[in-house]
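There's a structure below that I have some questions on.
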Amino acid sequence: MSDIISAVDAMEVLDSRGNPTVRVFVTLDNGTTCAASVPSGASTGENEAIELRDGDASRYLGKGVLKAVDNVKNIIAPAVIGKKITHQAAIDNLMIELDGTETKSSLGANAILGVSMAVARAGARSSRLPLYQYLGGPGARRIPVPAMNIINGGEHADNSVDIQEFMAVPVGAPSFGEGLRYIAETFHNLKKILKSRGLATSVGDEGGFAPNLESNEAAMDIIIEAIEASGYTPGKDIAFALDSAASSFSPDLCGSYDLKWSGGGKKDSADMIAMAQKWIEKYPIVSWEDPLAENDWAGFQKLTAAVGDKIDVVGDDLFVTNTKYIARGIEEKSANSVLIKLNQIGTVTESIDAVRMCREAGWRYFISHRSGETEDTFLADFAVAMDGGQLKTGSASRSERIAKYNRLLEIERELGANALYYW
């Protein structure tokens, strides 16, 4: 099969929030075309790669991406046409050079990532391999344990809960398919419980419920009820993962906090660490993402020293999938796990580099979607390719989330007895 890029095109499509995003098409000289669509985040770290928006208030409230589309067509395409499709790193590095900025603000990370993902997909097609094996090699066979978002708060919902995501993690399941069943059943039983108490069963951006609860702890209490109502044991069969997205309630993004949604009041780093320790003792928490704000490096270091032997302390906004910040975290022991988001850094190659750095340090890593997703299932293959064993891609509702789960079910079926699954 031919492996030379003959055309690159792009268009504006909508993500799961109804906002524009970029879809890129890469065509090989035998006529094969592969496409990829770029996700978008709501709670974003200040050091993330920049998605380019038009700022034209007359279109999509200023959120159009025609500039990014134009950059794909008129700047990136001429540079990559004629390149060998399997030279992923070379193509990604070429786009980084074309952009010339640290945060990809010139061409836009949404333009660059769209091309990077489409190139990877076309490379897999050209190599006659599934995407997960093309990116991860023939040994890629570990299906990630899903962390299903079942209660939303913070920036992802309009309610009285500060913590952005309360996730159910099927740590005791024997396979991905069974694990997905465990947490889907828990999701549906949670809906029944909420309904029986007159609480809202509307969902947030990632498909989790967004009820008005009296406290953050009330959210975990009701999830435990749902786990038990499903016939499972909290901690043994299903554990918790949390994402505080603490920068969203930190006025200075460093050591001060205001639990404004729940009315929990003002806190400092020491208060937040004490709260985390209390919750870890009380609830079956195995992973906690961004428990502190993105510039509270000292707080992260203290928290990791206190609880890092019990749970994964996951840096998201802290590291933004960037090896520069991950290296600092490893040096300072500011966490023990990294959230990997393709659009935080802007290329497939740099995302793989971030994973490689985690592996070399003995750190865990968690592959993640964004709150503004599309029907593209690239993330599912990428998670298997990276062999990290952990994935967050939303709830058991909203088809842009379900698409990733269904792709993982397909991969598990393809691998058969060779598939691995463990926390």
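Note: Cβ is positioned from N, Cα and C throughout, glycine not excepted.
So Swiss-Prot lists the following for this protein:
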- Gln164, Lys341, Arg370, Ser371, Lys392: (2R)-2-phosphoglycerate binding site (BINDING)
- Glu206: active site, proton donor (ACT_SITE)
- Asp243, Glu289, Asp316: Mg(2+) binding site (BINDING)
- Lys341: active site, proton acceptor (ACT_SITE)
Which is it, of Lys341, Arg370, Lys392: the one of these binding-site residues whose Cβ has the most other Cβ atoms within 10 Å?
Lys392
Determine which residues of the same chain, besides Asp243, Glu289, Asp316, have their CB within 8 A of the center of the CB atoms at the recorded Mg(2+) site, and list them by sequence.
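Those within range, site residues removed, are Gln164, Glu165, Leu242, Ser244, Ala245, Trp288, Asp290, Val314, Asp317, Leu339, Phe366, Ser368.
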Determine the most Cβ-crowded residue among the binding-site residues Gln164, Ser371, using a 10 Å radius around each Cβ and all protein chains in the structure.
Gln164
CA-CA, which of the recorded positions Glu206, Ser371, Lys392 lies nearest Asp243 (Mg(2+) binding site)?
Lys392
Among the binding-site residues Gln164, Lys341, Arg370, Ser371, report those whose Cα falls within 10 Å of that of Asp316 (Mg(2+) binding site); none is a fine answer.
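Checking each Cα against Asp316 (Mg(2+) binding site), the hits are Lys341.
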Other than its own, how many Cβ atoms are within 10 Å of the Cβ belonging to Asp243 (Mg(2+) binding site)?
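If we count other Cβ atoms within 10 Å of Asp243 (Mg(2+) binding site), we arrive at 29.
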Going by DSSP, is Lys341 ((2R)-2-phosphoglycerate binding site) part of a helix, a strand, or coil?
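Once the DSSP labels are grouped into three classes, Lys341 ((2R)-2-phosphoglycerate binding site) ends up as coil.
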Using the alpha carbons only, what distance in Å do you get between Arg370 ((2R)-2-phosphoglycerate binding site) and the residue listed as 'active site, proton donor' once rounded?
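Counting only the Cα atoms, the answer is 8 Å.
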If you draw a 10 Å sphere on the Cβ of Asp316 (Mg(2+) binding site), how many other Cβ atoms land inside?
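A count of 30.
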Glu289 (Mg(2+) binding site): which of the recorded positions Gln164, Glu206, Lys341 is the nearest Cα neighbour?
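So, of the listed recorded positions, the one sitting closest to Glu289 (Mg(2+) binding site) is Gln164.
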